[in-house]
Amino acid sequence: MFITIEGIDGSGKTTLVNSLRKIFNNIHFTREPTDKFQLANLKTLSTPSNSFYNFFLFTYDRLEHQEEINGYKNVICDRYLASSIAYEGPMIEGLFGDRKETVLWMMEVSKMLKLPDMIIYLDANLDVALERIRNSRKNLNFRGKQLSILEEREGLKAIQDYYEYFLGNMKMFTQKQIKIEKIDANSSMEDVLYKAENIINKTIEK
Ligand SMILES: Nc1ncnc2c1ncn2[C@@H]1O[C@H](COP(=O)(O)OP(=O)(O)OP(=O)(O)O)[C@@H](O)[C@H]1O
Ligand SMILES: Cc1cn([C@H]2C[C@H](O)[C@@H](COP(=O)(O)O)O2)c(=O)[nH]c1=O
């Protein structure tokens, strides 16, 4: 089973994954961007061409990630293709003028990549997520690189809207049956973990 954990910055993905690692010793955990990602080349998400460029950086990183993902029976990945759709899609849409066309093109470019069997989406209220990011003193840098789109609420809203559009219309974009599990990420870490653990226990191959 290939499960990905998705959500906007501050939704609690990393916190959840760190707890899941302690519970499931029969699952291989990984994340995107991978440690091999070429950080220095990342451009700020401020123009359609920058996001177009970043999308290919993340897609190349994902292509290189396939061998690891295909090497285990059960895999959980903290962020994957849906993150590219949500984070690069809003700006790339400026090149297509249409959200559906944008996502169809991004999925076509990603055609050679393994798709998840399940996406666990941590559904966080924007203001809750922003507050958490501020409280964690995370200055919205992507590991040292400023992603300007995340500086203001509207940027994160655009990302959230793309997540919801993509996850809510998955059948328009792939024939693969991908199970979408939404968890209310505004509740306690314990509650999020309890729900995620139950979902995963029902899903992974023993
Ligand atoms: N359910 C929760 N309730 C309260 N605080 C939380 C919850 N989940 C995470 N946090 C806190 O919010 C901050 C961000 O959490 P975390 O780094 O896990 O989010 P994330 O989704 O991985 O963000 P990013 O994508 O930016 O890495 C951390 O300080 C974490 O302790
Ligand atoms: C996989 C992927 C990630 N991103 C962005 C989303 C986040 O802002 C950072 C990753 O930061 P994290 O705190 O380590 O989760 O990268 C993206 O824009 N596109 C992608 O495909």
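In case you wondered, yes, glycine gets a Cβ from its N, Cα and C as well.
Unlike curated records, TrEMBL annotations are generated automatically.
Per TrEMBL, the features are:
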{"type": "BINDING", "residues": "GLY7, ILE8, ASP9, GLY10, SER11, GLY12, LYS13, THR14", "note": "ATP binding site"}
{"type": "DOMAIN", "residues": "5-190", "note": "domain 'Thymidylate kinase-like'"}
Request  = Would you pick out, from the binding-site residues SER11, THR14, the residue whose Cβ has the largest number of other Cβ atoms within 10 Å?
outcome  = SER11
Any further residue of that chain within 8 Å (Cβ to the Cβ centroid of GLY7, ILE8, ASP9, GLY10, SER11, GLY12, LYS13, THR14) of the recorded ATP site = LEU122, ALA124, ALA129, ARG132, ALA185
Remark   = For ILE8 (ATP binding site), the same-chain residues 6+ apart in sequence with C-beta under 8 angstroms from its C-beta are ALA86, ALA124, LEU126, ALA129, LEU156, ILE159, GLN160, TYR163
